[in-house]
Amino acid sequence: MNIIRYWSKQSYKKLKVDQEHNTTEYTNVCNSTSLGSTYTLPLKMELWKIYITLIYFLITNSNCFASEPLAWQITFQPPASPIMEELYHFHNFLLYIGTAIVLFVAGLLGFVCIRFNAKNNPVPAKFAHNLLIEIIWTVIPIIILVIIAVPSFRILRHAEKIPEIDLTIKVVGYQWYWHYIYPDYDNLEFDSVMISDKNLQIGQKRLLDVDNRIVIPENTTVRFLITAGDVIHSFAVPSLGFKIDAVPGRINETWTRVTKKGVYYGQCSELCGINHGFMPIAIEVVSKEDFNNWIALKNKTAMNNKSSKLMSK
């Protein structure tokens, strides 16, 4: 966890509480080149520092450079596509608005409970309505909704409008694996199955890594054509900002343009049976040169497999 990493990088601090004077004594035990120092501060102040530090790292834990779920993560994964960049900033914008509304309503509720309780206000006021208040609580929410709607529709339009495509990948969901086809490269196709615990290698991620990843070049506009061969699935990769249902007999599409090299993980996000939780998605983003080399290797492997099958017959 990032909190543990953070504390391990700091000078080790020995905490000694003086119960008699309610103070805290810190002794910094640093490396051989550092100087030790001792100082005392009120215990409550030090506890607040610890609480604030813990809250900070819990909130910002998921903002490290990772393309996968993390322990204690409570925000989005770092965005790696233009759509996800917009969604990420829009989410933060909504968070400010929502927080302000919650604080205002909670404060107003607290004020009313204290100011107009039976003790402070033994004779309650009796009135049917107040025109000014009714106008305020109608107009202000409308303004807030308009402020939210404008960027929301802009992002929806951006996501729905598919630009000029450089690469197309067909995605077919099955119980419980994915099948990928590259129609631009002689219909190169392969299955992608989660690596089981017994076959997991060092460095591979449990429940996320697969035997065959989708490989795409960076800074390339990729279109995904998504369907299913049995039941409804959902093709979702959070860090790329898309979640598209895979429906039998229907083709849905989405697009992405990944700006950072790396491996981005997703999962089937529609309950599809007993092994629904074991349908991970892994998209590896590489340079265009590495992508061409990967395509050549895959095609060569496919040709060898076909030759082997023909020879066996």
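In case you wondered, yes, glycine gets a Cβ from its N, Cα and C as well.
Now, the feature entries from Swiss-Prot:
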BINDING   His233, Cys268, Cys272, His276  Cu cation binding site
DOMAIN    5-51  domain 'RPE1 insert'
TRANSMEM  39-59  transmembrane segment
TRANSMEM  94-114  transmembrane segment
TRANSMEM  131-151  transmembrane segment
Item checked: Residue with minimal Cβ packing [other Cβ atoms within 10 Å] among the binding-site residues His233, His276 -> His276
Margin query: Would you identify which of the binding-site residues Cys268, Cys272 has the most other C-beta atoms lying within 10 angstroms of its C-beta?
Written below: Cys268
Next item on the list: Name the secondary structure element type, per DSSP in three states, that contains His276 (Cu cation binding site).
Entry: helix
Note to self: I want the residues beyond His233, Cys268, Cys272, His276 whose C-beta is within 8 angstroms of the mean position of the Cu cation site's C-beta atoms, in chain order.
What the structure shows: Gly173, Gln175, Trp176, Val231, Ile232, Ser234, Ser269, Glu270, Leu271, Gly273, Met279
